[in-house]
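Take a look at the structure below.
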Amino acid sequence: ALYITEECTYCGACEPECPVTAISAGDDIYVIDANTCNECAGLDEQACVAVCPAECIVQG
């Protein structure tokens, strides 16, 4: 599953891009619900990774 590291700047770019709404705002960083995230199966790229300016969304 994907997860967001502490380098998250809380910019909010990723949340609206998630096709399965697995991303939500945490206390200090955005978080990905591992049970919901399907890593954008069937799409050309992982939507959140593609838009993250901090490059902090990584494979878990």
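Even glycines carry a Cβ here, placed using N, Cα and C.
Copied over from Swiss-Prot:
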type	residues	note
DOMAIN	2-27	domain '4Fe-4S ferredoxin-type 1'
BINDING	Cys8, Cys11, Cys14, Cys52	[4Fe-4S] cluster 1 binding site
BINDING	Cys18, Cys37, Cys40, Cys48	[4Fe-4S] cluster 2 binding site
DOMAIN	28-60	domain '4Fe-4S ferredoxin-type 2'
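For Cys52 ([4Fe-4S] cluster 1 binding site), the nearest of the binding-site residues Cys18, Cys37, Cys40 in terms of C-alpha separation is Cys18. Cys11 ([4Fe-4S] cluster 1 binding site) has a Cβ environment of 12 other Cβ atoms inside 10 Å. Reported as a whole number, the C-alpha separation between Cys48 ([4Fe-4S] cluster 2 binding site) and Cys8 ([4Fe-4S] cluster 1 binding site) equals 12 Å. In this structure, the CA atom of Cys8 ([4Fe-4S] cluster 1 binding site) is 16 Å away from the CA atom of Cys18 ([4Fe-4S] cluster 2 binding site). Residues near Cys40 ([4Fe-4S] cluster 2 binding site) in space but far in sequence (CB under 8 A, at least 6 apart, same chain), listed by position: Pro19, Gln46, Ala47. Apart from the site residues Cys18, Cys37, Cys40, Cys48, the chain places the Cβ of Leu2, Cys14, Glu17, Pro19, Val20, Ala22, Ile23, Ile32, Asn38, Glu39, Gln46, Ala47, Val49 no farther than 8 Å from the centroid of the site's Cβ atoms, the recorded [4Fe-4S] cluster 2 location. Other residues of the same chain near the [4Fe-4S] cluster 1 site, with their Cβ within 8 Å of the Cβ centroid of Cys8, Cys11, Cys14, Cys52, are Ile4, Thr9, Tyr10, Gly12, Ala13, Tyr30, Cys48, Val51, Pro53, Ala54, Cys56, Ile57. Taking the C-alpha positions, the distance from Cys14 ([4Fe-4S] cluster 1 binding site) to Cys37 ([4Fe-4S] cluster 2 binding site) comes to 13 Å.
For Cys18 ([4Fe-4S] cluster 2 binding site), applying a Cβ distance below 8 Å and a minimum sequence separation of six or more within one chain yields Cys37, Ala47, Cys48. There are 17 other CB atoms within 10 A of the CB of Cys8 ([4Fe-4S] cluster 1 binding site), with all protein chains counted.
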